[in-house]
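**Student:** Structure in structure tokens, see below.
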Amino acid sequence: MGIGNKLRLTSALSRMLHRRILYSSARSFTTTEGHRPTIVHKRSLDILHDPWFNKGTAFTMTERDRLDLRGLLPPNVMDSEQQIQRFMTDLKRLEEQARDGPSDPNALAKWRILNRLHDRNETMYYKVLIANIEEYAPIVYTPTVGLVCQNYSGLFRRPRGMYFSAEDRGEMMSMVYNWPAEQVDMIVVTDGSRILGLGDLGIHGIGISVGKLDLYVAAAGINPQRVLPVMIDVGTNNEKLLNNPMYLGLQQHRLENDEYIEVIDEFMEAVFTRWPHVIVQFEDFQSKWAFKLLQRYRNSYRMFNDDVQGTAGVAIAGLLGAVRAQGRPMIDFPKMKIVVAGAGSAGIGVLNAARKTMARMLGNNETAFDSAQSQFWVVDAKGLITEGREDIDPEALPFARKLKEMERQGLKEGASLVEVVREVKPDVLLGLSAVGGLFSKEVLEAMKGSTSTRPAIFAMSNPTKNAECTAQEAFSILGDNIIFASGSPFKNVDLGNGHVGHCNQGNNMYLFPGIGLGILLSGTPIVSDGMLQAAAECLAAYMSEEEVLKGIIYPPISRIRNITKRIAAAVIKEAVEEDLACGYREMDARELHKLNEEELMQYVENNMWSPEYPTLVYKDD
């Protein structure tokens, strides 16, 4: 272990010991998030212009007197349900009218309207989002967030989050104190280098951080006043942005090598100095940095990378669900033959997680890892990856097939996807390539030769235009006896005669909110592989036998808060078992050890924020 790694590990252990001491005398009870009176230091129009505290027409007459609001609002006091009804009526009426010309699609019009609500009243915004999560998750997150990021300079109205740039080197430690919140629980950070499957969008990538944190609030009940979207602007290699005078970011090429690392290091040190217990989720970093930064920080800070680890967990849950959908126990997973299209950060992340899952089921020894490794065939833009590949990516090397073995299968280095599918006859065809339409008619026809009783097609790339195939294409070519999952939402397919082809959205939002909440409430100083594995297995087991046998392997988004609660509990339980739990607020590590399953679920629920207007009490500065 290098000196740097030793220092980082020592730092992590020091923080863990500090937390154990901090919580050693705490009392063992919990309180419900969002039900305490809130002290504010502003009145009158200042309150109405502050989205954190504004209630609009829901301010009671007592509050109007207390906060000098009488006469500044219409006299009729409305409750939050009446406000939402009024907003939803306007939303349906304005969806079309809000378009900025014929090229502005309906989804982006909805985003504009919701964003205006977010700007003026956060509580109501999250109340609307939670109540209509199935409809609006695709608006605030993928796929619409991709459109938002592509058009961000034109959509920018109100600053949301923080921007740390290459020009701020040496200043970040002081800059971080410009954020008004005394406590931040969750940061989502991006450098904009690989936004979804859209490539380098530079500073426009802040939209993905904002969208992810909206889901942390809506799904996990993280308090919206304690979340922080962050963009690290180290330049862009997108020539259109470099030549666009309206671009809001640094118009220079991206920093590389040590200069880049120094910027990220300074950012991490700054945020963890001000908020020692914050959780940082890395999002949409290009592959060459995603793995390096994960390995650099994961033993020192409370952080994880959603593209590498979250995508992997959702895919593992889906793969385990596909095993169940065949009427087999999940323990049969190591027998599945899987062809993976894509060897970027998401693809390699899934491969590593799937291999570890198989190996654990086979005994978790060297033989088990070797056996698990042999179940994967990886195809990238150059074709099948074998040991004959020159300049092979070190992350992909463990999955490179042996040349002699491939010759026996009738395959060679660089074999096409259709050739690999035809010869391997896989149980699963898993797409993480970001290449729309990659699963062509020819490739899907080749899947007819699968040796599985119920083959699975996973077209997981985002946004929708990058999906490897559509649900309609998969079911029309392969019939109804398949499992279909995708990263973006597709409608179920009517197969006739009362048969339905179920479209499962393998969305990262099933996992990352629960992982983040579980990390927060356990107080763990680091995020272990075991916690991520526990989250994936919890999601895989969530569906009933009846549902999975129908081909439904992921739950409806409408259940997201319940799913998140269960996953958070599974993460906390794993943290306790690994002796990494340090506790949270009044619940110390010893008390966490004592909780049974029901009490653990109650503990999680009691610490999830709900969008209810708090009682506001004014205090003069």
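Backbone N, Cα and C define each Cβ position, glycine as well.
Not my notes, these are from TrEMBL:
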DOMAIN    118-298  domain 'Malic enzyme N-terminal'
ACT_SITE  Tyr141  active site, proton donor
BINDING   Arg194, Asn462, Asn507  (S)-malate binding site
ACT_SITE  Lys212  active site, proton acceptor
BINDING   Glu283, Asp284, Asp307  divalent metal cation binding site
DOMAIN    308-576  domain 'Malic enzyme NAD-binding'
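Please situate the listed features within the shown structure.
**Tutor:** Around the Cβ of Tyr141 (active site, proton donor), 22 further Cβ atoms fall within 10 Å across all displayed protein chains.
Residues near Asn462 ((S)-malate binding site) in space but far in sequence (CB under 8 A, at least 6 apart, same chain), listed by position: Thr142, Pro143, Gly146, Leu196, Gly197, Ala434, Gly487, Ser488.
Listed in sequence order, Tyr141, Val188, Pro229, Gln281, Glu283, Asp306, Phe512 are the same-chain residues at least 6 apart in sequence whose CB falls under 8 Å from the CB of Lys212 (active site, proton acceptor).
Over the domain 'Malic enzyme NAD-binding' (308-576), the average per-residue pLDDT in this prediction is 93.
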**Student:** Expressed to the nearest Å, what is the distance separating Asn507 ((S)-malate binding site) and Asp284 (divalent metal cation binding site) at their Cα atoms?
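**Tutor:** Distance between the two Cα atoms comes out at 15 Å.
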**Student:** Tell me which residues of the chain lie with their Cβ under 8 angstroms from that of Asp284 (divalent metal cation binding site), as long as they are six or more apart in sequence?
**Tutor:** Thr190, Gly192, Ser193, Arg194, Ile195, Leu196, Gly205, Ile208, Asp307
**Student:** Enter the number of other CB atoms within 10 angstroms of the CB of Glu283 (divalent metal cation binding site).
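**Tutor:** Cβ-Cβ neighbours of Glu283 (divalent metal cation binding site) within 10 Å number 28.
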**Student:** From the centroid of the CB atoms of Glu283, Asp284, Asp307, the recorded divalent metal cation site, which same-chain residues not already listed sit within 8 A by their CB, in sequence order?
**Tutor:** Thr190, Arg194, Ile195, Ile208, Phe282, Phe285, Ala290, Asn305, Asp306, Ser345
